[in-house]
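Pulled from TrEMBL, these are the features on record:
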TRANSMEM  B:19-38  transmembrane segment
TRANSMEM  B:44-62  transmembrane segment
TRANSMEM  B:69-95  transmembrane segment
TRANSMEM  B:101-124  transmembrane segment
TRANSMEM  B:131-150  transmembrane segment
TRANSMEM  B:170-190  transmembrane segment
TRANSMEM  B:219-240  transmembrane segment
TRANSMEM  B:260-290  transmembrane segment
TRANSMEM  B:302-321  transmembrane segment
Amino acid sequence: MKRLLATTGALALSALPLSAQNFDDPEEFARQQEQLQAEPEGPEGQPWLQHIGGEMVETADLGIEAPATVCFSNAGVNNPWRVVGFTNMNQELANHDSIGEFIHVDAEGSDDKQIADIDDLLAGGECDVMIVSPNTTAALTPAVERACEAMPVIVFDRGVNTDCPVTFVHPVGGYGFGIQGAEFIAENVEEGSDVLMLRILPGVDVLETRYSAGRRILEEAGMNIVGAEFTDGDNAQTKSIVEDYLQRGNIDAVWMDAGATAVAAIEAFEDSGYDIPVFVGEDQQDFLRKWQDEGMTAIAPTYPTYQWRTAIIAAARVIEGEPLPGPEWVLPQPAITQENLAEYVNPAMPPLHYAMCGCDEMENYPEAWGGN
Amino acid sequence: MSVSGDPAPRRPAFRFERWAPLILLGGAFAIYVVVAFATGQAQYLTFENLIAILGRSIALGITAIGQTFVILVASIDLSVASLISATAVLASVIMDGEPGMILPAVLAALALGGVVGLVNGLVVSGLKVNPLIATLGMSLIIQGCLSAFVSNFAGAVPAEFQVFAYGQLGPFPFALLFLLALAVLAWAVLRFTKFGSDMYAVGGSEEAARFAGIKAGRVLVLSHVICSVCAAIAGLYLASRLRSGAPWIGSDGVYDLESIAVVVIGGTVLAGGRGGIWGTMAGMLIFSLIDSVFNIAGVDSFAKQVLRGVIIVAAVAFYAIRSKRIVA
Amino acid sequence: MTDGTRPRGAERRLRAPRINPVWILLAVLIAAIIYMNTGFVEPTGYMNFLKRAAPLAILAAGQVYVITSGGFDLSVGSLITLVVVGSSMLTNNDPAATLWVIPLMLGLGLVVGFVNGLVVCFLRVPSLIATLGMMITLNGLAFLWSGGAPRGYLPDTYRFFGRELIRDVPLVGFIPVSVIVMAVVIGAYGWLMHRANLGRQVHAIGDNPVAAHLAGVPVARVRITAFVLSGLSGAVAGILLGGFAGVSTDVGAGYELQAITAAVLGGAQLLGGRGSVPAAFGGALALTAIFTLLNFLGLPQPVRQVVQGLILIAAVALAMHRRRQTGT
């Protein structure tokens, strides 16, 4: 037992990533920084139809007849972000007569199951177009390649390591998210201030890039990063971690890689009797409301759920033979700031609703999203 | 996990238990057919589709074969999910895209499985730690060590090794044939070897087995080794299927609890001593069929969970309700 | 796996003849925490600690009933999630709704425990599987009810129990309401276990259900009561966690295993016959102290998992070793 302890200890302490992917890619960082500033093309006020740069692909030669069956292999609806997105998607369907049937299979967060799901859809032979929201990039690549051989494929949210899909719909990306929050902190506190970084999990590509970009900017601005902690996305743990930090020292700003637990972190300051510092959250209603009620200094970068609408729009264009942005469809990724906060706060919406859904003009809003 | 004072299993109950997995499987298949017709999707009844269903849960099936061994000796293994992740990562890192490294990688993964099983078995039989706690602890240790090294997909599997998951022999996927071969092997071990009959004896009553001169500790350790090696094979299969290994693939697939559920749905008793491989295979097919029925019928993923929970309990109740034993 | 050589005298155990090692472990951990962070001796330090431990301590007190009676309850984690999600749906920021929502949620815990007990006693499904099925079902129900994300805010009146402090208390300055709730629950559960007839009966059926049955213990009723007490503790823990941290979708995840771990650290014997509420309370505090300490040490998550796994195995191995040495 002792030897086991010693070995595991040694293993753990020498924790060197064996073959780390590059989540701190200066080129990609610069590209996303530029995209945040770029003027998107497309109809104003409808960001889900806009795109930043890139080319168009023709789809007239794909030869699909309307109404067609669209199949959707979903990684899961296991968090509120995906729930809002999936509602957007279902509501968007009503706008497209060219989509006859919509078949949805849910992999419940498992790569293995999603591969089986895609194979099932292919074997079923009913699909004309397939939409895939991959659970992870690398694992789903072969399955998507097989799907590409049989029909046009549209990928969104996470990508795949192949360019066979007609288009890959996604917002600017993780670096962009990290940049927006960290730049706000750099502008609103003095150099050398104490910043706490809260993260959900290690290893998730979209979250790692947010962190590396945030850290880069905070360090460049000369901030003192007092810690970077994993919260598991758990409210109670987040609150405990922040309480512990407050017991030991000062915090001038909190940067978060995702806003789901932002309100719990704010409450840790309130309950311990401290002023709320500068905060980076996300576009969830509970955070926006708290921000407005308490008059905080805050920003909410977003990873917009309207991309789920765009995936359906892309499928409809494929069926109708219309050109669409591709092979990458980069959507704008706006942040909610003090100036436009009031537009997004809506007390009628549930606390975990993501405000940047581009859904408030849709027919069944707000009931379909759980609002009253 | 038995309670002292069990009446010996009686003949008629034994007969019923023998056929029950088939009855359940038949029921699941009937539901599948009915749902396919009722929703007007008879194309799901083709041979190709049935093969696809069989191939849905290969990793679960391999893991469950191993889990059957430990449950038969009244133990249990909660560490299989982390071990699957660990072996998948290990194999994919060693291979790193090199076809020449396939053999070393496979051997290393199997060796890791063997060592983990050995430690599990020794802790359970030697230190007398309850298997639930021993393997839960082991699971935390493996997961911890693994996440210290890797936090994402690591390494790569060469195309040659992807044949394991994607190759076909005629209409049959290799992996499916492999699973079948593994099941036959496991059945033969249980049916024809002394070790097999010793396992049933130890699972039935460890004390009685010891009095009968069986080295109960050794049987227990060997069962754990077999279980962990099976998990390692499942890890290799997943690495081949996903083209790489990541530290979350085991826990995301919930292979620990699902493999236990598959085994008990297949009629192997948690208290040990009764059950077998074909029941487990039936259990795996039932799981695959349920999944496919949910997909065809377009069941909402949350309702799916509710139904799955109820089905697991109902299936086990189907066997257990007839027994006169007091369970806990 | 109960060994028949152990003396049956439940009364002897109730007197708690020697100091339970969990208290020594706890003392060492607390000393280490104070060494790391002297702020811990301030009321803010230790009261925050107790507040954080409260939900787990309450769960462990309930779990120890089920474990002592010979079973497991894996459903409490999902029950917590369902309670928090359900409360948010029902109260929807209406302060007056708290009055009826809290009793309703306690009732929900009661019903869940009752159903668990019925399934184990009358469908004869082993509790591991019965409560595993319940865990999956409740999780699905929570999602199904809310459509995937909680729909309402929890009003301050509801959050009073988990979040508020009672100020101006002499000596300590302030006491979190959750600490008072914890004291009440631990007191009540401890009294029932160690001063009332129920405790003797729970020990008796865990020790040997057949003998207990022959001795006139209403086995089914006692077993169901144990599950009901565990379900109730899950509901209370859910109300505290919802109060402490607000709404989220996976509040309860992992709490079932932590509760079992806490009970086991407190010397409860899996598969029944031995268990103490105060010691389980000590186990919960020790587990929380381990987490706090590892936090202070700034160790990365993987190391925490490894340490947790090692402590778990070591604690049980040590307990088994002592038990064999002392011959009890």
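Each Cβ is built from the backbone N, Cα and C atoms, and glycine gets one as well.
Away from its own ends, the transmembrane segment (B:170-190) comes close to residues 47-48, 51, 54-55, 58, 61-62, 65, 68-69, 72, 163-164, 196, 199-200, 230, 233, 237, 241, 276-278, 280-281 of its chain (Cβ-Cβ under 8 Å, at least six residues beyond either end). A Cβ distance under 8 Å defines the sequence-distant neighbours of the transmembrane segment (B:101-124), meaning residues of its chain 6+ beyond its ends; these are 75, 77, 79, 83, 86-88, 90-92, 94-95, 130-131, 134-135, 138, 142, 158, 160-161, 220-233, 235-236.
The listed stretches are B:44-62, B:219-240, B:260-290, B:302-321; of these, B:260-290 has the most Cβ pairs under 8 Å to the transmembrane segment (B:19-38). If you count C-beta pairs under 8 angstroms between the transmembrane segment (B:219-240) and each of B:44-62, B:260-290, B:302-321, the highest count goes to B:44-62.
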